[in-house]
Amino acid sequence: MYEPADVETVGVVGAGTMGHGIAQVAATAGYDVTMRDIESEYVDRGLEEIDSSLERLAAKGAIDEEPATIRGRIAGTTDLADLADADVTVEAAVEEMAVKRDVFADLDALADDDAVLATNTSTLSITEIAGATDRPDRVVGLHFMNPVPVMEGVEVVVGEHTDGAVVEFAHAFADALGKETWESDDKPGFVTNRVLMPWINEGIRAYDEGVATRDDIDRGMRLGTNVPMGPLELADHIGLDVVLDASETLHEELGDRYKPAYLLTRKVAAGDLGKKTGEGFYGYE
Ligand SMILES: NC(=O)c1ccc[n+]([C@@H]2O[C@H](COP(=O)([O-])OP(=O)(O)OC[C@H]3O[C@@H](n4cnc5c(N)ncnc54)[C@H](O)[C@@H]3O)[C@@H](O)[C@H]2O)c1
């Protein structure tokens, strides 16, 4: 098993909200990064987001190198085979088991035998994803928080067959990216989403049932419980489709107390997914 210092190249699958953030922090930590999405327009959009995030961080004096230097370590691609040299790959594609299993089977076939394959899944079983590979001992959950360059925490999720040395590597690798970790067993929603998703859904139900205005629900939770965002603004920030996918998985696995709120389902059906579409519980420019 290698140490984070032995890692040269990091692969990232998915250039969306999480994927481009993970690529950015890995490049900022000095690793060469190859980021893959299925369409070149998604890759380009991810790279543009990285450019503007690095510019913002540079303006605040929060990064030690020039944005161009960090950005120069990131290559975008639509070809998964370009991740063949990656010592560790973090998958951040859509939250669908079939997609993740396909990605992991393909990565397993092309990556070095000792490469670590990590998934950023919010709720899906690490063990089931690992089952698509011949190296379930080298598959681990690395659950980054959104926005990745800002949030300091990473949840390390341990699958049924994850090797202890790989778990140790996952903590050390997250540490090398400037993050702090905690560990969860591979149970639905892990620690964070098991507790967070019912909180968000209850906020949406309270809004739908007229308990308070949208703003007062968020304000009440911010001021009343000292969290930086209330449930409705946080849902918009995460993406309502992502919240719904996570809630549905928890509902299937853990029963009715995790049923997604009706208004969440309706907004996703309407295509109002939060910040990323400009409309969710709030409107965005
Ligand atoms: N959004 C959050 O707050 C958050 C937080 C923690 C974890 N996650 C998890 O991270 C993962 C990604 O979420 P996101 O919010 O970045 O979603 P997103 O919709 O912003 O991005 C997903 C990207 O994956 C791409 N994709 C789909 N299939 C692919 C494939 N086979 N290969 C490569 N790319 C593929 C899509 O084109 C899209 O660009 C999900 O598993 C999600 O549950 C999300």
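Backbone N, Cα and C atoms are what each Cβ position is placed from, and that goes for glycine too.
Predicted, not measured: the structure shown is a model, and the values here were computed from it.
Pulled from TrEMBL, these are the features on record:
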- Gly14, Ala15, Gly16, Thr17, Met18, Gly19, Asp37, Glu95, Lys100, Ser122, Asn146, Lys276: NAD(+) binding site (BINDING)
- 9-181: domain '3-hydroxyacyl-CoA dehydrogenase NAD binding' (DOMAIN)
- 189-284: domain '3-hydroxyacyl-CoA dehydrogenase C-terminal' (DOMAIN)
- His143: site 'Important for catalytic activity' (SITE)
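Note on the binding-site residues Gly14, Gly16: the fewest other CB atoms within 10 A surround the CB of Gly16. Maximum intra-site Cα distance, NAD(+) binding residues Gly14, Ala15, Gly16, Thr17, Met18, Gly19, Asp37, Glu95, Lys100, Ser122, Asn146, Lys276: 22 Å.
Taken in sequence order, the binding-site residues Gly14, Met18, Asp37, Lys100, Asn146 that lie near ligand 1, meaning a CB under 6 Å from one of its atoms, are Gly14, Met18, Asp37, Asn146. Here the domain '3-hydroxyacyl-CoA dehydrogenase NAD binding' (9-181) returns a mean pLDDT of 97 for the predicted model. Secondary structure of the domain '3-hydroxyacyl-CoA dehydrogenase C-terminal' (189-284), assigned with DSSP and counted as helix (H, G, I), strand (E, B) and coil, comes to 66 helix, 3 strand, 27 coil.
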